[in-house]
Amino acid sequence: MKRTIIMMLDSFGVGAATDAESFGDVGSDTFGSIAKACAEGRADIGREGPLKLPNLSKLGLALAAKESTGTFAPGFSDDVEVIGAYGHADELSTGKDTPSGHWEMAGVPVLYEWGYFSDLTNSFPKELTDKILARAGLDGYLGNCHASGTAILEELGEEHMRTGKPIFYTSADSVFQIACHEESFGLENLYNLCIIAREELEPYNIGRVIARAFVGTGPSDFARTGNRRDYAVEPPSKTVLDKMKAAGGEVISVGKIADIYANCGITQKVKATGLEALFDATLEQVKAAGDKSIVFTNFVDFDSHYGHRRDIAGYAKALEYFDSRLPEIFEILGEDDLLLLTADHGCDPSWKGTDHTRERVPVLAYGAGLKAGSLGRRNSFADIGQSIASYFKLEPMEYGESFIK
């Protein structure tokens, strides 16, 4: 029985990419920065001491990161029995965003430029916002700027509740985000507004519209909920997920995977929010999955809760929790199963600003008869998609080189 389990540690980069200078990200290193802070006692909130990731280390994480940066992350060494194949990958895609990373990993790099709203204030064209408001029957909106998702709730959340005006904001990514209160504005109203925005944004080539639902009564207790929804454009060509589905296989999305691929190539969607629930759902789906199945989970909290918020201790604690549960996955893998762990970009919590960082990502592979040892530097995330295609004997992808022969 052949199955692939993909665990996407959203934003878990392992050192600046070859082209990081073009993005202002030379020196960024999500894993290394977290390990360094832990080793220096600067991440002892909710946890303490050096970063402890014994199971990821067994899969080759520390060695993959060393091959990427040239040095071991503080607290890590080669004093571990590695059971998996490990490497690191550069990105071909032009952006350091979520869709680009995910699509490239599935064999379809984004080689064109996304549209962006680059102005930090008055970010959106009036023509665009006027059309959105007219179609939605709204008399105004708030925001119109680059912002942190939590900071803008503190700043504008009360005014939004008082006026009923949605909050529009963006970031360095190709994204249009809409924040609305679940109760005072209504969740379905938010989703419908996002659908309108998605349609009106087509000429601007924006990658995603994101519904940012929140609850609370004031700045002190406003909190985003698990009812986030991403409205992405479709990948420009067929991903390995599409090819798997077309061949009669199952592709099970856990978390926000289906949204990122605009539901293309997905046969089943499982909703879960938070690291614990996402891991639980992954285990359940792996146990239930039959032959010719892909179970694909995005662990978004690493990015949204800790990377963007520049919370080093929180990121470290989340990594240690994730690591502690990996044996549960190991225990239920079949002899022919392929386990893949990777990331879609970096988001160094020690870095300036709140945006993603252009980094290499880990490529950790276990099972399916793979020999333990180095896979070296991969020239594209697409090597993962090509390897999945090879594993399932699907039609080869246009991009990528398989590490499964």
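Cβ coordinates come from backbone N, Cα and C, glycine included.
According to Swiss-Prot, the feature Mn(2+) 1 binding site maps to Asp10, Asp344, His345, an assignment based on sequence analysis. Its own atom aside, the Cβ of Asp344 (Mn(2+) 1 binding site) has 29 Cβ atoms within 10 angstroms in the protein chains shown.
Long-range Cβ neighbours of Asp303 (Mn(2+) 2 binding site) (same chain, at least 6 residues apart, Cβ-Cβ under 8 Å): Asp10, Ser11, Thr98, Cys347, His356. Annotation comment: Swiss-Prot describes Asp303, His308, His356 as Mn(2+) 2 binding site.
Fewest other C-beta atoms within 10 Å: among the binding-site residues His308, His345, His356, that description fits His308. Excluding the listed site residues Asp303, His308, His356, the same chain places Asp10, Ser11, Ser304, Gly307, His345, Cys347, Thr354, Asp355 with Cβ atoms within 8 Å of the centre of the Mn(2+) 2 site Cβ atoms.
Distance from the CA of His308 (Mn(2+) 2 binding site) to the CA of His345 (Mn(2+) 1 binding site) is 12 Å. Each residue in Met8, Leu9, Ser11, Phe12, Thr98, Gly101, His102, Asp303, Ala343, Gly346, Cys347, His356, Val361 lies on the same chain as Asp10, Asp344, His345 and has a C-beta within 8 Å of the C-beta centroid of that Mn(2+) 1 site, without being one of the site residues.
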